[in-house]
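S.K.: Can you keep this structure in mind? I'll have questions shortly.
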């Protein structure tokens, strides 16, 4: 019989969330031994995961947003444990959870604790792991809302350029991406490297990504020679910028830029001139809905030990 024991690692801001308290009480009534710990500062998630594993917990619940989820997923993977993860989405965006079909209702999300876990991949870059997506936007300054005209033409990529108020403020970076049977070099405006499908609060930069295929989805938004003219033409023609993306699906990709690259890993900043992104197949056991859109393989008949 499966041990019904778990630890909920909850973002400190959610400590007074009555829905969480009620849902935890319900799980305990259902026979779950569910302990709760709160994060307070950077590094707490990893420490609490390690403490939970040392205490014999084989099931962790991540209660928070995308950043909390990334921290806990990374800590579990680094511990090389068979412990599984349930996602309790309590953030603003909840990008991985939404794309994976995890309910946003607290009680319904915790029902997934009783569903057999599935092996999912992680992405790795610069010694850091991510569950959802690495994104990069160039020339963006987060100082104001993106103008309405730009939102119309940029669509799902608009959030990468938050702060732009005129077409002339778009700047490109010269980059080179290399992977198995793939090579692209040129000026780019934005980049998404996804294990999950969406980022920035629902924007599908990698709309067909699967979290269990051992591959990363690459989405490149190239910069045309005349950025302003091209974007204006797209706007006037009512076309979306999704038609401009170059896409690939690779086990690894190397990204180089002499100008340097600012990357966002589910809220974790990373920068560098030469970065290698690698998929880590089956690195984590996650409790997801059986019909989750990000799962492509057939589930195992037996739950992991």
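Any Cβ shown, glycine's included, is placed from N, Cα and C.
OK, Swiss-Prot features for this one:
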- 1-129: domain 'DAGKc' (DOMAIN)
- 39, 65, 66, 67, 68, 69, 70, 71, 92: ATP binding site (BINDING)
- 210, 213, 215: Mg(2+) binding site (BINDING)
- 268: active site, proton acceptor (ACT_SITE)
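Any idea what these are sitting next to in the structure?
M.R.: Its own atom aside, the Cβ of residue 66 (ATP binding site) has 28 Cβ atoms within 10 angstroms in the protein chains shown.
Residue 210 (Mg(2+) binding site) falls outside any helix or strand according to DSSP and counts as coil.
Under DSSP, residue 268 (active site, proton acceptor) is assigned to a strand (E or B) in the three-state scheme. Here the Cβ of residue 268 (active site, proton acceptor) has 17 other Cβ atoms within 10 Å, regardless of which shown protein chain they belong to.
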S.K.: Within 10 Å of the Cβ of residue 39 (ATP binding site), how many other Cβ atoms can you find? Include all protein chains, please.
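M.R.: Other Cβ atoms within 10 Å of residue 39 (ATP binding site): 23.
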S.K.: Across all protein chains in the structure, which of the binding-site residues 210, 215 has the highest Cβ count within 10 Å?
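M.R.: Ranked by Cβ atoms within 10 Å, first place goes to 210.
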S.K.: Count, for each of the binding-site residues 70, 92, the other C-beta atoms lying within 10 angstroms of its own C-beta, and report the residue with the smallest count.
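M.R.: Taking 70, 92 as the binding-site residues, the minimal 10 Å Cβ count falls on 92.
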S.K.: Can you tell me whether DSSP puts residue 70 (ATP binding site) in helix, strand or coil?
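M.R.: Note: residue 70 (ATP binding site) is helical by DSSP.
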S.K.: Let me know how many other Cβ atoms fall within 10 Å of the Cβ of residue 213 (Mg(2+) binding site).
M.R.: 19
